[in-house]
Ligand SMILES: *Cc1c(COP(=O)(O)O)cnc(C)c1O
């Protein structure tokens, strides 16, 4: 469910008509809905009600500070995966005690930054990282609260590039090795073991992989407690998928996911932490683009947009599907025709959709990519010297540009030509 609906034949973001935003900021642009962000955050809150918990938004899915500030205002914590994300969260007003630091390659500088600025916990992914963190914490005279991310060797049944819970993936330590690693952690100075972390992948469309992983975490909790560790917090990761294709069967709901968590962990007297990204931000954003040309090809027509793979890389990178709809509502029963929908970048990979059925559309008209709020703007680049596109936030009838389009001067002046060239 989202707040991008047709009204009087025009697609709106909440109460703001998209052509109005296009007129103000130009296309292409991203627009996010506060109401959808709120709704999805609250679904998780409600799903975990009655258990001690914190919902930490995975900032890597959408790290605009206005989005972060909005979610933090609702009570969300943040899951960060770099020093940059940590600083962004702080700049958006998130207190250190609500920031969790994940990621497989945290540097000592990043650890120092978080220990000085305040951190809820580090999710440690390897023994060398544990030793580095112990060194940094002792040098600062502080203690670092940690969980160890375990790799449960579970098939998340998602795209291979976003599966993280199989033994061949780079993430976490093998769960069988966990007792030894926890024993080592307990002896290290500057380290306080507080829990266990697991995250098996992204865009999961079934609950079964979560169940398999969580049952292993449950067993490990009992085992580590028997070994004398005070396991009091379980970080269960993110990964719940969203329905990118409206016509497909929908992934499980946050309520069903919450019920599973309750079922597996209710009697353990632990605090639950989850790190959803996509399910909170995905459907809360769309990408709006203009048609530049309609080109008749050999046996197919190309819809050439002013948005490209550098603005939204998911189709090129993961073969991902996004629903693409006209901003002016097509009359019911209008004939559909197949289009290859592409961007202007000089790569054949710059294709958003092949043979996509759409009502006839012409140059200058606007289209919207649905479900583009997660892993959209954050993964964009300036490939082909295409400026990063603006991000707009809408709440009721308010709209604000929350990241402006850079000028060409700003982009070009970033380079320096040395005198010896
Ligand atoms: C990417 C990631 C998430 C969020 O995944 P979603 O599929 O967006 O919910 C959570 N935790 C970690 C450690 C991640 O790497």
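Cβ coordinates are placed from backbone N, Cα and C, and glycine is handled just like the others.
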One of 214, 257, 375 listed by TrEMBL as binding substrate at the site of 278, 314, 318, 347: 375
Co-listed pyridoxal 5'-phosphate-binding residue [TrEMBL; alongside 275, 276, 277, 278, 375] among 239, 319, 343: 239
Which is it, of 318, 375: the one of these binding-site residues whose Cβ has the most other Cβ atoms within 10 Å? 375
I'd like to know which of the recorded positions 60, 318, 346, 347 sit within 10 A of residue 277 (pyridoxal 5'-phosphate binding site) at the Cα level. 60
Not counting 239, 275, 276, 277, 278, 375, residues with a CB within 8 A of the CB centroid of the pyridoxal 5'-phosphate site are 58, 61, 202, 238, 240, 279, 280, 281, 374
Please check each of the recorded positions 314, 318, 346, 347 and report the ones with a CB atom less than 6 Å from an atom of ligand 1, ordered along the sequence. none
Please give the pyridoxal 5'-phosphate site's span as the largest CA-CA distance among 239, 275, 276, 277, 278, 375, to the nearest whole angstrom. 15
Determine, to the nearest whole angstrom, how far the Cα atom of residue 346 (active site, proton donor) is from the Cα atom of residue 278 (pyridoxal 5'-phosphate binding site). 29
Segment confidence, the domain 'Orn/DAP/Arg decarboxylase 2 C-terminal' (29-373), expressed as mean pLDDT: 96
